[in-house]
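Trainee: Below is the structure I would like to discuss, written out as structure tokens.
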Amino acid sequence: QTGCYGVVNRIDTTGASCETAKPEKLNYCGVAASRKIAEGDLQSMDRYKTLIKKVGQKLCVDPAVIAGIISRESHAGKALKDGWGDNGNGFGLMQVDKRSHTPVGKWNGERHLTQGTEILISMIKKIQKKFPRWTKEQQLKGGISAYNAGSGNVRTYERMDIGTTHNDYANDVVARAQYYKQHGY
């Protein structure tokens, strides 16, 4: 089972901001840009597909959401140097921040993906507590936003991404996740 925290295809999204799309050499933004970036990461992502699906099933999180985060955080590993990114602060495919967590496992291994996904779940649960009237899907999107900028940054549904990297984190990740959902994740 992978739908404990909502169904990714039911989440509304505006996709990538132009600020996120531009460094990817795209002259357009939005959902189309997110999908194009996700497509560019698909070949690398597929190396980890079995592992992503295993962790998703184990923790009841949609594997497509995990893939969406991995694409955004590390381009499925392509943006990392010896498993590290973000000036040596982020570890692994899901970029676990060593300033807030003690990274475990290999940068591309099951323990790392489990840790990253557990951090995501903890954020979703914080958002569930903070916004009990939101739908499951809204809480999932809020949790994704909080994965980047913390639950304190999520104040309203419409503006949850203001304060995330490029002000589009959850919207971009959700659009990428919807792409991966169509590709067997």
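Note: Cβ is positioned from N, Cα and C throughout, glycine not excepted.
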Trainee: Considering the candidates CYS4, CYS18, which is the cysteine that Swiss-Prot reports in a disulfide bond with CYS29?
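Mentor: Disulfide mapping in Swiss-Prot sends CYS29 to CYS18.
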Trainee: CA-CA, which of the recorded positions GLN1, CYS4, CYS29, CYS60 lies nearest ASP86 (active site)?
Mentor: CYS29
Trainee: Using DSSP, would you call ASP86 (active site) helix, strand or coil?
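Mentor: Where ASP86 (active site) sits, the three-state DSSP reduction gives helix.
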Trainee: May I ask which of the recorded positions GLN1, CYS18, CYS29, GLU73 is closest to CYS60 (disulfide bond) if we compare their C-alpha atoms?
Mentor: GLN1
Trainee: Counting Cβ atoms within 10 Å of each candidate's own Cβ, which of the disulfide-bonded residues CYS4, CYS18, CYS29, CYS60 comes out highest?
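Mentor: Per the Cβ count, the most surrounded site is CYS29.
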Trainee: Taking Cα atoms as reference points, which of the recorded positions GLN1, CYS4, GLU73 is nearest to CYS29 (disulfide bond)?
Mentor: GLU73
Trainee: Any idea what DSSP makes of GLN1 (pyrrolidone carboxylic acid), helix, strand or coil?
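Mentor: Where GLN1 (pyrrolidone carboxylic acid) sits, the three-state DSSP reduction gives coil.
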